[in-house]
Each structure stands twice: as C-alpha cells, then as structure tokens.
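> Take a look at this one; I'll ask things after.
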Ligand SMILES: Nc1ncnc2c1ncn2[C@@H]1O[C@H](COP(=O)(O)OP(=O)(O)OP(=O)(O)O)[C@@H](O)[C@H]1O
C-alpha cells in the first residue's frame, strides 16, 4: 500500500507528461543590475506606486508633527490666559496634531502591510524567472558551476531586488522627505536657520555616502574571510573520517586556528572602520543638535523667531538626527543588496550557449536512425576530439562503443544528446538535423541510463515517475518489477514513499541503476543509450537485469558505452574508438577474426575490464600494433 501523505511535495494527481513540456519558455532577462531591478519592479509597478505614495504620506505626517506642536505653542502663547478659552484657541492645531499622528501610523502601517504582502510574491516571481533562465543553460555551463552556489545566487538575487526596493522606499525616501520638508518649514521661520540645517544635511549625506563606499572594501574582505572559514569547516567536517583515520585532529584544529587568526584581522579592520563612521555620526548629530538649539536661542533672544519657531527648530533637528541614524550603515547594506543583484545577474543571466532555433521542430522519432556526417567537434578551440567523423547507426541496431579512456565514446553520446553542439558537419536522427529539433523533442525521444545515476531527494515513486509523469501506480510497479527494483523498494521502511537522500533511504550504486532502468522502461523512448548501465550490479542481478535490458532494447536503436567488453559482445555491431576516430566497425565475431584493435583489447582485458590507457607511450604502442 502506498502512503502518499508523507511527502508534502508529492504530485498527487499525475498529469500528462506533455503538460510540462513548455520548459523552453524562459524569459529574456536584462543583463545589467539596474535594468534587471527595473524589469521586475515594472511588473509590479502599481504596487510600488502605492507603496511610494503611502511612504511619502507617512514621512510627511511625521515631519509635520513638530510643526503642529509649534502651532499649538504659538496659539497658547497668543491666548489671553483664560483657561476656559485656551481649548478653543488650540483646537485647530490640536486637530492637526491628532490627524498627523493618526496619519503617520495608518499610512506607515498600510505601507508596511503592502510590503509584507507583496515582497514575498515579488521575490518568488524573480526566483521563478531566474530558475527558468538557469534551466536553459548548457551542460558545459552547468557542469562548470557549483549547484549550491547557483541556488544561493538565485536566492540572494531575488532578495537583493526586494531589499533594494524596500530600502529605497522605507529608508532613503523618508530621509530625503524629512530633509526637504524640514528645510522648507525652517525657511518659513527664518531662512538662515533653514540654510544651516540644509547645508548640514547635504554634508552629512555626502560624507555618509563616501564613508560607506570606503568601508565596503573592508566589509567585503571581512565577509570573504568569514565565508572562507566556513568553507574550511565544511571541508574539514566532510573529511572528518579521513582526519580521524590519519590521526590529524590536532592538525585540523591548528589549520582552522590559522584561518581564524586571519579572519580576526579582517573583521577587526572592518569593525574599526565602522566605529570611525559611528564617531563621525555622533559628532555630526551633536553639531546639529547643539547648533540648532544655540542658534535658535540666539535668534529668539534677538526677536528674529518666536518661541514656537524655537520649539519647531529643535524638534526638527532631533527628528533629522533620528532619521539620519546609521545612514552610512544603511548605504553599506544598500550596496550589498545591489552587489548581490549584480553578482546574480553576472553569473546567471549570461547568454545561453545552446538554444532552440527560431523555427525548431518537434518531430516524432519513429525509426531511430542516427547519422554523423563529417562531424568536427572540440570542447575548447585547439583540442579537437572529432575530425570529420562519419558513421550511420541503422534503425533498431544495437551498437556497442569501445575504446580506451578518453577515446571519445562519451563525447559521441553527448553530441547525440546535443549536450554540446558540433562545430561543423551534421548529426541527423531519422533524417532530421538535431540542431533543427527542439531540445525537448530530442530528449523526450532518447533515454539514457548513465553509469552513476543521480536521484532527486524525493520519494522513490516520484523518482521513478520522472520517466513518465502520468504513469499509473500499476505501471510503476510493473516497470520496477521488470528492472528488479520492486523487491528492494518494498524492503525499505516506507516502500515507494521512502525519501531518497541524506539521512533518508540510502541506495547503493546498483540500486540507483535499477531505479534509472525503471524510469527508462516507463519512458519507453525509441532510442536508448546505456553508459555501462550494469556496471554497479553484482553478477547475479546483472544477469537478471541484462535479460530485462534485452527486452527493453527490443525494437529500439541502442547505443551501449562499454568498459567491459563482455557486456557488448552479443550486440549487433561494435564501434572501436581511438583518439576520436572509429578505427574498427563490425560484429564481435568479425572484429575478433580481424585480429586488429578490438582483438587486442579483448585479449588485454584482464578480469573483464579494459585497462586504462591514457599514457602517450602506451598509446603509441597500441598504434604500432595496429595492422597496416
Ligand atoms: N567536458 C569536457 N570538457 C573538455 N574536454 C573534455 C570534456 N569531456 C571530455 N573531454 C575530453 O575529450 C576527450 C574525449 O573524452 P570522452 O569522455 O569522450 O572519452 P571516453 O572514451 O568516453 O572516456 P571514458 O571511457 O573515460 O569515459 C578526452 O581527451 C577528454 O579529456
């Protein structure tokens, strides 16, 4: 009995496989941080307009409060002193004060609510777009990047966009509004007072910005040192068994200590710089506070401003100081968020190397004929793997690929799967150039069982259903029985609902291969590629599965990459690779009779495996033995 409620992400209703085949719809994303942020903000523009308006109202209410207090004082000082009439006199400014106080709270909180509701959705939107974009990257890109680092970049970039916007709206905009409105209010009272505060504000913002840009360098170094230390701890913990087996626990502690010393130096430098910034801010705030009080007092004593203006000026200076608090730190955080967006965009939003052509077609492969016509290929310029390679594999043919390590077998398969694009020539399947097909169409019709299949950290059932999403439970069971996977699956605690991965069900290489075979049975594609698919199995299971594979291969074009010649001896045809060329082509019996390269490989194969033969001298030896 399958229990399906154990895993939250289980796709409860199997959907037809085709409904997920719209993977190629990745959006074209802007490649500079500014336009990237703009692109996503524009998608939610009305929400952002609402947030900005609310924040303007919120900040304006806040900054007008000292003005209202000033008006109350002005009214009180103008009153006759009759306590009964005082309320009538201050009624209006009091109302204004009350409305502004309520407005400050309401606009602030409604704006906050919008951000709370919208930012997670906005973030998910960015995650989805970046992930879809990442999916379209080539095998070369993905295999040369760390999966964890890419996932981290997606998360940091999406957070970077929302945090950048959040800081602009709720951190910097209020500061600007407070400075502008307070300067205007003070201007009404006495222009030179406004000039004093205004000049202070310009200097303060400029110096804070400058200090933030300078401290960035130190902050980055400190962050890099911290992350290096984390990396060393992770590496050390991963290799803890080796550490113990080599009795190097003390050595590892010493190694970490050295790293920690370096980290300490960097962190102290960064902290010291932050401390200097704090000094600047305290001194600048004190200058504004004391300066405003003394200057206003002086102006009042000369009758230039009223007592109410004096209160307004001192309250405004306190408000400005509270808004300006940690401005450099906030600039620094802002740079970090922009930096995260910039890094993410730079890493992920690179041009796709392998894309479907404009009018790519999705033909059905009915026969499975594979042709290489004059194919040239190199992974990097200057290192040719295939030079003018031509070969045809007939529909339904079962072909084994053999050759020493590095001779080009996997590259041959990679090109059929279009994991890399050939530089010239053509690769055709059923007469259609694979470059003219959509990658989805190509991959739907080719099954691959890799040597070391990797499984998702999902349930066994989900992993198997990856072959065909709409397969019924019965079809899944039947396929796994055929692949001899059912028995060991049922022995696990939760059967098909067992989760695969760390701290969950751990599968051996052979068991993973059987799951991969089960998937392929469900997928039932007309072309099948096996990369020594039975290499991790014990000989009894291998024999049983070989029979199943023979059944699965029936009616399909099959390519088997083999390291053990015994696994391919029974196939229709064997292609012998050497340094990117097919040097022999024929049946096992024919090639043995030829007494050429294959014959020697067969003889050299001690214990069933081909010897590794990367060594240049050995290769020359092999060449010498080749019949002329
Ligand atoms: N991703 C890659 N990037 C750069 N060069 C590569 C890449 N993969 C393979 N090569 C190089 O291409 C050549 C052919 O390698 P390939 O993997 O096709 O050989 P192979 O016969 O499959 O070897 P093995 O039996 O060890 O898997 C080798 O020189 C190898 O170093």
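Glycine is no exception: its Cβ is also placed from the backbone N, Cα and C atoms.
A TrEMBL annotation is a machine prediction, not a hand-curated record.
Pasting the feature list from TrEMBL:
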type	residues	note
TRANSMEM	46-69	transmembrane segment
DOMAIN	49-328	domain 'ABC transmembrane type-1'
TRANSMEM	168-187	transmembrane segment
TRANSMEM	193-212	transmembrane segment
TRANSMEM	279-299	transmembrane segment
DOMAIN	370-604	domain 'ABC transporter'
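Describe the structural context of each listed feature in the structure shown, including burial, neighbouring residues and relevant distances.
If one looks beyond the transmembrane segment (46-69) by at least 6 residues along the same chain, the residues whose Cβ comes under 8 Å of a Cβ in the stretch are 93, 96-97, 100-101, 103-104, 107-108, 110-111, 114-115, 118, 122, 165, 169-170, 173-174, 177-178, 181-182, 185, 311-312, 315-316, 319.
Remote same-chain residues near the transmembrane segment (168-187) are listed as 48, 51-52, 55-56, 58-60, 62-64, 66-67, 111, 115, 193-194, 197-198, 201, 205, 312-313, 316, 319-320, 323-324, 327, 330, 334 (criterion: CB distance under 8 Å, separation of at least six residues from the stretch ends).
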> What same-chain residues lie close to the transmembrane segment (193-212): Cβ under 8 Å, and 6 or more beyond its ends?
175, 179, 182-187, 276-277, 280-281, 284, 287-288, 291-292, 295-296, 299, 305, 313, 316-317, 320, 324, 327-329, 331-332, 334-335
